[in-house]
């Protein structure tokens, strides 16, 4: 009885500490309360050109065999007109609308109505009902973590159809890729608009809303922190994880099927892309409970940036390598293939182990071993908005002693491996590594700006102990 009471008190203290830490970080993270001119200009640029960029990449593959320069040169030299390109672009079809509607509905059903069962037979997997981080308003949301089983069910049905039922062709995604793009855009804009209206008129929690008074900023960055419908449908978790990421591996499988249909074989480069990106996707779902503590869930509001981005940007631009290989099949020599596989697996190892070290250090409050030794750390203090002083520990052992964001380094190594599998004939498949480098570098700077504001001179002690951000000895 006494042991049970002690356990209960420890849980209450942990919960209270989480609340205090969240209150302390208000105003230092997440989207802004006010909009400066640079932020507004950046947002207007993205709202106008991000959809055009996605269209341009996909159109280049469809009409110009993945050349990014030929359309521009044709327009500049007068050999082509915008109307010529647009008239050759497939339009929205009832078939694509039906496929996409069925897909999203199926993922909603798997998300909301089928509780997790994977945790009952998979050792080490954490699923079922889990608590997220405390919101700025002090709310602790609960989530039904069942993404892994949604991925498994979806792919079992996919392979059952491909080898047994033959209800639809495995190339169905590729064959309807541009019409599906219009469907994804419709959903992305619809859910973003709905989220904004909901934030104004019927928010899930009014205290977790932020308004700047600037329509474009609020539309893009979101108003509500955790918009929800009912008990379990959480917009942020659903659109971050489903339908885009579940679709990621299906899209690659459809590309492989199309390569088989066109050329009579699936190249080793296509297999590499499917395997390496498949590992990344499976890692996401295996660690979905851990994902509840990441920047996307803990700090970002839900707006166009996440709503449209997860519906369109992620599935269409994160899969460019497989799409490219349909048009330009690449058969790698054995040494090249082994080198790429090694780079991808090493990147994944660094990404996963680095995150594990940090998670272990946090869960045990430093009472653990990293690389067989007691971890080293910098003890920091910060003052909450209420004037109360709190303490944190910043890990300087293991990979976290090599660089302050070494998990991102592993992520970038994996991203480069996907691109290298495509050879060097075109620059289009290398968009991913360029984008991820910009994204993760910006995330490093954003994170460090927050930490400097939060910890002050203690943060400077930490950066002196770990002087590099991503690449030891370089950056």
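Using N, Cα and C of the backbone, Cβ positions are placed for all residues, glycine too.
The range from 283-301, 302-320, 359-377, 378-396 that TrEMBL describes as transmembrane segment is residues 302-320.
Looking at 15-36, 37-58, the range tied to transmembrane segment in TrEMBL is 37-58.
When each of 37-58, 148-168, 180-201, 302-320, 332-351 is checked for Cβ pairs under 8 Å to the transmembrane segment (92-114), 180-201 comes out on top.
The stretch from 37-58, 148-168, 180-201 that makes the most Cβ contacts under 8 Å with the transmembrane segment (302-320) is 180-201. Among residues of the same chain six or more beyond the transmembrane segment (332-351), those with a C-beta under 8 A of the stretch's C-beta atoms are 267-269, 272, 275-276, 279-280, 283, 399, 406-407, 409-418, 420-421, 423.
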